[in-house]
Amino acid sequence: MSLNQVPAGKDLPEDIYVVIEIPANADPIKYEIDKETGSLFVDRFMSTAMFYPCNYGYINNTLSLDGDPVDVLVPTPYPLQPGSVIRCRPVGVLKMTDEAGEDAKLVAVPHSKLTKEYDHVKDVQDLPELLKAQIKHFFEHYKDLETGKWVKVDGWEDAAAAKAEILSSFERAKK
């Protein structure tokens, strides 16, 4: 099955599938899966010497306000392979704006059928403070050395906001 055939989830917005593009702790290379071919492309080499603090991917069959599928960060005990799909539960969203407009990043944890490690995490506030600080710091600075690019982090919102983002982006993609 091609990655573009992966559904958005098992039971939106509570139970989602995230297609991983970049593993946690990866080198500063921005990968993107081409939505038409399902191939993993190098989007760019990041100028800052930073690594992704979580696995990074997207929810298929969604369309966020920036014109791309909804971005999702997935903390896991181990880095995931690019192109893998993980079943998750949304717990929050980091609201941001960049040079292209609004750019929210959802945070979702692995479903309890995969690991019990995140069962206590019901909302972004339940994540470790250090992890939230690392995520925020990464997105505040990962474009610092790229001419004409910038990011403004507006702050964290809860699981309800993440679920609302999933539903609205799913409806937007159907139009």
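Using the three backbone atoms N, Cα and C, a Cβ is placed for every residue, glycine included.
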Quick check: of D34, D43, D103, which does Swiss-Prot put in the same Mg(2+) 1 site as D66, D71? D103
Kindly point out which candidate in Y118, Y142 is recorded by Swiss-Prot as part of the substrate site with K30, R44, Y56. Y142
Fewest Cβ neighbours within 10 Å, where candidates are the binding-site residues D66, D71, D103: D66
Going by DSSP, is K30 (substrate binding site) sitting in a helix, a strand, or coil? strand
At a 10 Å cut-off from the C-beta of Y56 (substrate binding site), count the other C-beta atoms across all protein chains. 23
To see if you understand the setup: which same-chain residues, six or more apart in sequence, place their Cβ under 8 Å from that of Y142 (substrate binding site)? P28, M46, T48, M50, V151
Rounding to whole Å, the Cα atoms of D66 (Mg(2+) 1 binding site) and R44 (substrate binding site) are apart by 18
Three states by DSSP: which one describes Y56 (substrate binding site)? strand
